[in-house]
Amino acid sequence: MTDTKTAEASAPEKAANFIRNIVTDDLKNGKHTGIVTRFPPEPNGYLHIGHAKSICLNFGLALDFGGRCHLRFDDTNPTKEDIEYEDSIKENVKWLGFDWGQHMYYASNYFEQFYNYAVLLIEKGLAYVDSLSADEMRALRGTLNEPGKESPYRSRGVEENLDLFRRMRAGEFEEGSNVLRLKIDMASPNINLRDPVIYRIRKVEHHRTGDAWCIYPMYDYAHCISDAIEGITHSVCTLEFEDHRPLYDWVLDQLPVKCHPQQIEFARLNLSYTVMSKRKLLELVQEKLVDGWDDPRMPTLVGLRRRGFTPQSIVNFCETIGVGKSDSFIDMSILEESVREDLNVRAPRAMSVLRPLKLVIEGYPEGESEEFEAANHPNDPEMGTRKVPFSKTVYIERDDFQEEPAKGFFRLAPGREVRLRYAYIIRCESVVKDENGEIVEVRCSYDTGSRGGSAPDGRKIKGTIHWVSADHAVDAEVRLYDRLFSTPNPGGKNEPDYRSSINPKSIEVLSGCKLEPSLAGATLENRYQFERLGYFCLDSKDSKPEALVFNRTATLRDSWSEQKK
Ligand code: ATP
Ligand code: MG
């Protein structure tokens, strides 16, 4: 077997899905010679894990089929959009590992074209200016079971419509006084085809076009034309747009566009124990229920990144959940497992004590120390080794000691032996308590012949615990996270408001943690497995060289499913 074959064999096979099948067929049948997809975020919020699904799908299709994927800012609604969001979106797409090359576009760059096409539709008798109020229009729209009624302005002549539309653009009318509507069919069973509004008056500044416009196109009108202008072949969107597809096709059928993309819908990602609506995420930030968009508990990409998620773990997650046509919930544990799997392979190991208890080794010479060699990864010798210093006083985890050991507790207790990982076998001889009866120190003897951790006589030692030398320890703050919400569908059935489901224990801050000295050189790019405790990374916002702050990315096991058992 050649090297390349080995590499191919070990690359994860991309699962087929119905969209890949459509693209494969289109290329095979010669419908297209290459494919062009797009990711079209509205710059009105930060990207979240649901967007990652769409990014992986659109950029992934382009990569797999040798096509290209455009990044297009769908910035047609001036009221909520901001440059801050644009910058973050670009950075996040890059962080996930995707590249739009030269192909970054703005729907707002097409405003003149949208306008000209609207004029054309008026000239063809396919659009009219309606002067009904929003309430009056709603009253005529009909329902799912009843047809709508035509507006009295529907029969305006072409010249009058052209004049009114030009004056709408010129700013002669108040907001809400006039809109431009398509003339399709007020009796259509599909409400989207009942003369949809395609332009409204909005006297607000746009973050890119300034005050050049006071009429703005609606999504259903602007999106299909943007796709056509850019020569998109497959316009992939989420299921709620299925009923909009006839409108997408209708608009493009009426216009002299060079291409008519195929809209394909897939099921959006819903994830349990979190919220993904941009409105709710914005509320969490604005009401200071979280520490900003990049709070490590947020499902945003900046949040997951600050939490310690690798881009690969997110890409793998998107591949694992697949692409389908039916809406469902994906369990949060699947996302958590994907980061565990990725970090298990790449994270170097280290020892840290989060809730320190002092342990003094009687008989170990005062003021001396020695070093033990520890592997950085149990299964990957290429990751090398490091030296871990040891001395008379070490810290162990408070809950690795029990004065009166419970049944099944095999760690340290009076009279019992445990192994200090990599170092020695020790025995607890006594404890020191403070005036409140609280244990403040454990005193142990050690087996001088057990250097490295194995008993010279081969006796069995049940417990192995981690430790950090007191003389060498690096102090740090460590933040432990749990799911932001304690119910699977926050704000869902029987829950008054999603806010009331916020998990009060979703963050725990521990100060005075003791880390092995090699972690003084920790970098933002790396994640670490603190043995027995989980995966950790430096906090990109609050950690400083003189005051380290670590975030726990994930525990070693899925504690939620263990709780359910
Ligand atoms: P809005 O209601 O503001 O339109 P949105 O979540 O659709 O919110 P967009 O910025 O329009 O936000 O989304 C960009 C792209 O990401 C769209 O193509 C959208 O379909 C896709 N997307 C958004 N949320 C999800 C999700 N949960 N799963 C999969 N794709 C998503
Ligand atoms: Mg959208």
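Quick reminder: no glycine exception, Cβ is built from N, Cα and C everywhere.
Straight from TrEMBL, the features:
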- 42-44, 48-54, Thr238, 268-269, 276-278: ATP binding site (BINDING)
- Asp74, Tyr219: L-glutamine binding site (BINDING)
- 35-344: domain 'Glutamyl/glutaminyl-tRNA synthetase class Ib catalytic' (DOMAIN)
- 347-447: domain 'Glutamyl/glutaminyl-tRNA synthetase class Ib anti-codon binding' (DOMAIN)
- 464-539: domain 'tRNA synthetases class I (E and Q) anti-codon binding' (DOMAIN)
- 41-51: motif ''HIGH' region' (MOTIF)
- 275-279: motif ''KMSKS' region' (MOTIF)
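Positions of the features from TrEMBL, shown on the structure.
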residue: Glu42; record: ATP binding site; DSSP class: coil
residue: Ile49; record: ATP binding site; DSSP class: helix
residue: Asp74; record: L-glutamine binding site; DSSP class: coil
residue: Tyr219; record: L-glutamine binding site; DSSP class: helix
residue: Thr238; record: ATP binding site; DSSP class: strand
residue: Leu269; record: ATP binding site; DSSP class: coil
residue: Ser277; record: ATP binding site; DSSP class: coil
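Proximity to ligand 1 (Cβ under 6 Å from any of its atoms) holds for these binding-site residues out of Glu42, Ile49, His51, Lys53, Thr238, Leu269: Glu42, His51, Lys53, Thr238, Leu269. Taking the C-alpha positions, the distance from Asp74 (L-glutamine binding site) to Asn44 (ATP binding site) comes to 10 Å. Within the same chain, residues 71, 73-75, 77, 80-83, 85-86, 88-89, 92-93, 207, 268-271, 276, 278, 281-282, 293, 298-302, 304, 314, 317, 335 sit at least 6 positions outside the motif ''HIGH' region' (41-51) and bring their C-beta atoms closer than 8 Å to a C-beta of that stretch. Of the listed binding-site residues Glu42, Asp74, the Cβ environment within 10 Å is emptiest of other Cβ atoms at Glu42.
For Asn44 (ATP binding site) paired with Tyr219 (L-glutamine binding site), the C-alpha to C-alpha distance reads 14 Å. Each residue contributes its Cα atom, and for Thr238 (ATP binding site) and Tyr219 (L-glutamine binding site) those atoms are 14 Å apart. Put simply, Tyr219 (L-glutamine binding site) is 18 Å from His51 (ATP binding site) when counted between their Cα atoms.
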